[in-house]
Amino acid sequence: MNTKEEKIISILQDVTGLDNVGSDPDEDLFADGILDSMATVEVLVTLQDEFGIQVPVSEFDRSQWSTVNKISDRVAELE
Amino acid sequence: MHNITPYSSPEYFVYLAVLLLPIMIGLWFGKRFKWYESIATLIILVITFFGDKSLQGISLIFYILFEMLIVFSYLKYRRNENNKNSFWIFTSAVILAIIPLAFVKLDPLLKNATISLFGFLGISYLTFKSVEMIMEIRDGAIKEVKVGDFLRFILFFPTISSGPIDRFPRFQKDVLKIPSREKYMEMLKSGTNKLMLGLVYKFIIGYFFGTLLLPKVSILALSYRDQAPLGISWALVAYMYVYSMYLFFDFAGYSLFAVAISNFMGVNTPMNFKRPFQSVNIKDFWNRWHITLSFWFRDFIYMRLMFFMMKKKLIKNRVTMANIGYFALFIIMGVWHGETWFYIVYGLFHATAMITNDAWLRFKKKHRKQIPSNKFTKAFAIVLTFNVVCFSFLIFSGFLNTLWFQ
């Protein structure tokens, strides 16, 4: 696991208040009810600040951002 | 001739069957007849909008030209790399795109007969699609639109009158490719199932509740109006459930038709309902009821508003921010339904329900160990949600307006 993923996991843990988020990097965050709309926006805003990227809300396709691994891929693309 | 509302009469299904046949044969042999699809669309539009005085049809033409002008001007603006992604130009484009709908919706308030002349069946749904395109052009999710693609998306006839509301990038993925024979077979099969289920929903169950039962309970409830304060009676309770059943089966039936016909044309239009009466809470309900509309509101109003407030750090408290978002979303939804007190109250009621639900979920999270969770609590949750929803539909129906004020 690289630092980017660690950073993403720590953001997810901060937002959701759950310590075990990210133990499985392929866990579906939306299907398991970990992220709702509000938490999603918070994660996106934090990602913007932390990585200095622009995440367009409507380009935000849930299926593309649904796991820790996928978020990491998207961040890498946008960086 | 008169205008035929889509899926409302046997006639319409006969026209559909005849028009669809060449499209289906084409897809079966791996071909999409673009020209033929345009002609079929034109014929359906004529049947739907130009049947009588053609007023609706003429409004539709002007409306499409107007929206096209806005969408393509904005696209041109965004494609010029010298332009900044201006918030004000974006906002103006969205407001302009909404103006025709706003005028039509203001009608009950102004009671001006000339305004309603500009309305046509489905204007709301076409506006949702246009606004979605503007928003996605802003975000760069849509980079290129051809005039033909725009028209095909906006005027896609299976969904033209009442949705489901598709999204342009998703729709393009479907129409630009041709499903393999195997895939298409599956689509035909699932489309046929949906069509049959839709017939049962709309023309049998919906008809039973809406046409046979509803007028009876309505008369009954009105006859008891002076017996108790606020006209509350068992008949009113019956009206609430009968109306809720009618609303669901009629609209879910229509939506099944729209998805089925899309499937026959090789397009996977998203479904609008997912067993809404089995929802365990109100949030769950909005993920299952009129899904394409609630997701539209979620993605293009709620999340955007949250994003904006969080970025500008307007409000510190997350809960307050979410609650403001709920009120904004549901008041807009209420106003969209129409400028009457009961639609606005319906919106406020759902915003309050969402906020209460969120508070309960937070409480539950904190006291997970003390609160039992088993199949009885789940059954209770479903029954409670169902009744809250039915009560909101009673408000929505406008029957209380008749009962109290007329």
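Counting begins at 1 with the first residue displayed.
Including glycine, each Cβ sits where the backbone N, Cα and C put it.
Curation does not apply to TrEMBL; its annotations are automatic.
Annotated features in TrEMBL:
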DOMAIN    A:1-79  domain 'Carrier'
MOD_RES   A:Ser37  O-(pantetheine 4'-phosphoryl)serine
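Around A:Ser37 (O-(pantetheine 4'-phosphoryl)serine), a 10 Å sphere centred on its CB holds 17 further CB atoms from the protein chains shown. According to DSSP, the domain 'Carrier' (A:1-79) comprises 43 helix, 0 strand, 36 coil. Taken together, the residues of the domain 'Carrier' (A:1-79) have an average pLDDT of 84.
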